[in-house]
Amino acid sequence: MVCAQVETSPRRCWQKVLYERQPFPDNYVDQRFLEELRKNIHARQYQYWNVVFESGVVVQQLCSVCVFVVTWWYMDAGVLSPQGLFGAALLTSLLGYVLFDAIDAGVGRQESGRTRWADLKSTLVFTAFTYGFSPVLKTLTESVSTDTIYAMSAFMLLGHLIFFDYGANAAIVSSTLSLNMAIFASVCLASRLPRSLHAFVMVTFAMQIFALWPMLQKKLKARTPYCYVGVTALFALAALVGLASVSSVGAVLFASLLLSISCLCPYCLIRLQQLKDNIHGPWDEAEIKEDLSRFLM
């Protein structure tokens, strides 16, 4: 053991205590101080393909926004009729509803205690409410300029992507805020469509793609990862094809964005993890790991 020697006192070993007077300065430490140095004790080691798999959630939300905007453009241009969109949305909703229960053989429904009759009542109430207020939605923003509507819609869709629950435990995550911003954007865009029926179908489609679709994808990811990967790839391909029919340049840029998020960003994350150099030692702040909830009662 290495001990410090002070000229005015005999040879004495330094001790890491506060209750005893010692002939050393208050900020003195000996060579044992760095023996407790630890590096990157909380660092996580990522696998490339695991990170690519997790990035599928971000890819899906980007594709959902893309599909929604392209669908609105089709309806605004008169290429897609509201009856056709409503029929397709109804068919896919029924298929997704059956698939949602078939994935786990109805175990999730039994645990939640929710019946199919309750689901049917909620669907009918939402459909009737939206259809009844569709004339109001159509004329809600007549006094607002179209440029302002487009700017608000873009801002709200961006906020939807920012606050969406991608599975991270962060303070910025808010599923309710994310969904409300997406529905607000759909109402703004629906108010610029030709008739109130268009507005009704557009808001209904927004609820399907921003509320119901992520629930199905979340269960697919947890129960059948391979199917989840296949559905994500097909959904991204459909979004790219739809966007290419509107703008080829936009499709190329969007494809570059998806490839960057799903392939380039995971690679950069793993490379940067190797450069992490967090040090830990006796200078760290004390952490109370004992459960102190009993003292709050």
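Every residue, even glycine, has its Cβ placed from backbone N, Cα and C.
Per TrEMBL, these features apply:
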TRANSMEM  48-74  transmembrane segment
TRANSMEM  80-100  transmembrane segment
TRANSMEM  120-137  transmembrane segment
TRANSMEM  149-168  transmembrane segment
TRANSMEM  175-193  transmembrane segment
TRANSMEM  199-216  transmembrane segment
TRANSMEM  228-246  transmembrane segment
TRANSMEM  252-270  transmembrane segment
Recorded stretch, among 80-100, 199-216, 228-246, maximising Cβ pairs under 8 Å relative to the transmembrane segment (252-270): 228-246
Stretch of maximal Cβ-Cβ contact with the transmembrane segment (80-100) [cut-off: under 8 Å; candidates 48-74, 120-137, 175-193, 199-216, 228-246]: 199-216
Folded-back contacts onto the transmembrane segment (120-137), same chain, C-beta under 8 angstroms, at least six residues removed: 187, 190-191, 196-197, 199-200, 203-204, 207
